[in-house]
Amino acid sequence: MSSRGCIDLIHIHYCQESNSYSQKFSSFFYDDPAKQPKTIVDVGCGIGGSSRYLARKFGAECRGITLSPVQAGRANVLAKYEGLADKVSFQVADALKQPFPDGQFDLVWSMESGEHMPDKAKFVNELARVAAPGGTIIIDLEPWEKKLLNRICNAYYLPEWCSTSDYVKLLQSLSLQDIKAADWSERVAPFWPAVIRSAFTWKGFISLLRSGLKAIKGALVMPLMIQGYQKGVIKFAIITCRKPE
C-alpha cells in the first residue's frame, strides 16, 4: 500500500465528518428554497465529501479545487461512482490564484483550508472575488494556543495562523456584509478521535509505516488535537458573510 492508501483512509473519515458539518450548515442557512445556491466552489476540497453532499442537497453545480493531484483524481472517481459527475468536478488549482472569473459562485465554501494558506489576506480576497454579488462565503477556522500551535504546525508543516477576529477584520476590509462568526468546537471534537481510530487499526498502522516518517510524525501529533479541545484552547470557528449585491 502506498502513501495514497493512508491519505484515502484518513480522508474517508474526514468526508464523513465534513458531510455532517455540511448537513448542519445547509439546514441552518438554506431553509428558504429561493435562497439555495445554484453554483458552489469548494476551496481546499480534499476528496470532495462536502462538494458531493452540497451538490446533491441543492441540485447545484459544484467545483472543487485542491493542490493535490491525488485528491482531485480520487474526488472525480468518487463523484462518478455516486452518479454526480454531471454536477461535480475537481481540479488542481491554487486557492490564492483561483482559475475562475469574478463573481461566479453563489456559495464559496472553504473547510479546514485557511490554516494552510501562507497569505491569509490574499486567500480571503480570492474567496470574495469569485463570490457572486449577494453570494455567501463560508470559512472554518481552528485558532490554537501558541505552544500547541507550534508543535502541531511543525508536524503538519503549517504556515502562520490567523485568528477568527483577524479573519473578520480581513472580511470587513473588503466591505463584505452580514459577517458572523460562531464556535462549532463541540461539533468538530469527535473528528480527531475518529481519525486516530482509523490510523491505529491494523490496516491503518501498516499504511502509516509504508507512508514514511512524515505520516507517522503527523499521526503522533493527533492526540494533541484532542488535548486542545478538552482544555478549550483549540476552537473551531465558522465564519459566514455575503458579498454586496
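Our numbering is plain: 1 for the first residue shown, then up by one each step along the chain.
The backbone N, Cα and C atoms fix where each Cβ goes, glycine too.
Copied from TrEMBL, the annotated features are:
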type	residues	note
REGION	40-49	region 'SAM motif I'
DOMAIN	41-139	domain 'Methyltransferase type 11'
REGION	103-111	region 'SAM motif II'
REGION	130-139	region 'SAM motif III'
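Per-residue confidence over the region 'SAM motif I' (40-49) averages 94 (mean pLDDT, predicted model). Here the region 'SAM motif II' (103-111) has Cβ contacts under 8 Å with residues 18, 21, 37-44, 50, 54, 60, 63, 95, 127-140, 243 of the same chain, all six or more residues outside its ends.
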